[in-house]
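> Sharing the feature lines straight out of TrEMBL:
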DOMAIN    33-274  domain 'G-protein coupled receptors family 1 profile'
TRANSMEM  22-42  transmembrane segment
TRANSMEM  49-68  transmembrane segment
TRANSMEM  102-128  transmembrane segment
TRANSMEM  140-162  transmembrane segment
TRANSMEM  168-192  transmembrane segment
TRANSMEM  213-235  transmembrane segment
TRANSMEM  255-276  transmembrane segment
Amino acid sequence: ENISDFSLNSTDCTQVVVPEEVFFTVAAAGMLENLLILIAVVKNKNLHLPMYFFICSLAISDMLGSLYKTLENIFIILCKMGYLTRHGDFEKKLDDAMDSMFILSLLGSIFSLLAIAADRYITIFYALRYHNIMTLRRALVILAIIWTFCAGSSIAIALFSYEAATVIPFTILFPLMMFFILCLYVHMFLLARSHAKMIASLPTSTVPQRTNMKGAITLTIFLGVFLCCWAPFVLHILLARFCPHNPYCACYMSIFHVNGTLIMCNAIIDPIIFAFRSPELRSTFKKMFCCSR
């Protein structure tokens, strides 16, 4: 929607539009799946662990992303029908609120992934002290700090989103945090490989090591999916801010709806990874749907 008339006239790329039915179906599926994750963790007391609380934080972020795109699409439809205008005071406040929700979803996802990565790191390399280091109370405090910071940042960025001084740090934060998480994973795998060679002669330590590495691999998949789904939209924000009149930028921005749909696809893919990689979650889902004891 940030493509100007000038940029549209400067490129031969036509705007790609995702059908509204597909849009709302994907959004509803993403919110429903993540809601099931939250219900499963609440119902199963065996899942009341720091790792699953961090996973719930990521699920909430995914739900906010789907909700944001749904509300934005409804807003656009109402504008086309004439019920709302694009430049009114109420519409501007509504747009700022939706922008704040988008930023909250993005920041919440980044810091939730960072918390999960740190939790896996402690699990692998400080296994004997894990329950003393990462207690349930500390996990809740970490989540409270994360969401307080994300909420404050999302409001501030949404209010001053038209300032380059605000847009630049926000967009830099995305690759910076992803690079930090990537470095943490590389360090984790290198040390794990070294430890695996050292304890190869100890059969009793093989199973926990494999279990912890399985968790690290799962989170690597999360990171890859997150980058594929969110990076195109973040790039769109950068191009819309710094080169809206460039024909090449306008050509990329013509797939705005596709990039927005990718965000909602992330909300669908993450719960599938949860269910596929976690036997405890699979068991909980079976009990929920089959109503067995």
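Using N, Cα and C of the backbone, Cβ positions are placed for all residues, glycine too.
Each of the listed features needs to be described in terms of its position in the shown structure.
Same-chain residues lying 6+ beyond the ends of the transmembrane segment (49-68) with a Cβ under 8 Å from its Cβ atoms: 26-28, 30-31, 34-35, 37-38, 41, 98, 101-102, 104-106, 108-109, 112-113, 115-116, 119-120, 123, 134-136, 138-140, 143, 146-147, 215, 222, 263-264, 266-267, 270-271, 274.
Within the chain carrying the transmembrane segment (168-192), a Cβ under 8 angstroms from the stretch's Cβ atoms is held by residues 103, 106-107, 110-111, 113-114, 117-118, 120-121, 124-125, 157, 209, 212-213, 216, 219-220, 223, 227, 230-231, 234, 237-238, all 6 or more beyond its ends.
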> Taking the transmembrane segment (22-42) as the reference, which of 102-128, 140-162, 255-276 gives the largest number of Cβ pairs under 8 angstroms?
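Out of the listed stretches, 255-276 contacts the transmembrane segment (22-42) most.
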> Have the transmembrane segment (140-162) and the transmembrane segment (102-128) got at least three CB pairs under 8 Å, pairs 6 or more apart in sequence?
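These two stretches do touch.
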> Between 0 and 100, where does the mean pLDDT of the domain 'G-protein coupled receptors family 1 profile' (33-274) sit?
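Looking only at the domain 'G-protein coupled receptors family 1 profile' (33-274), pLDDT averages out to 79.
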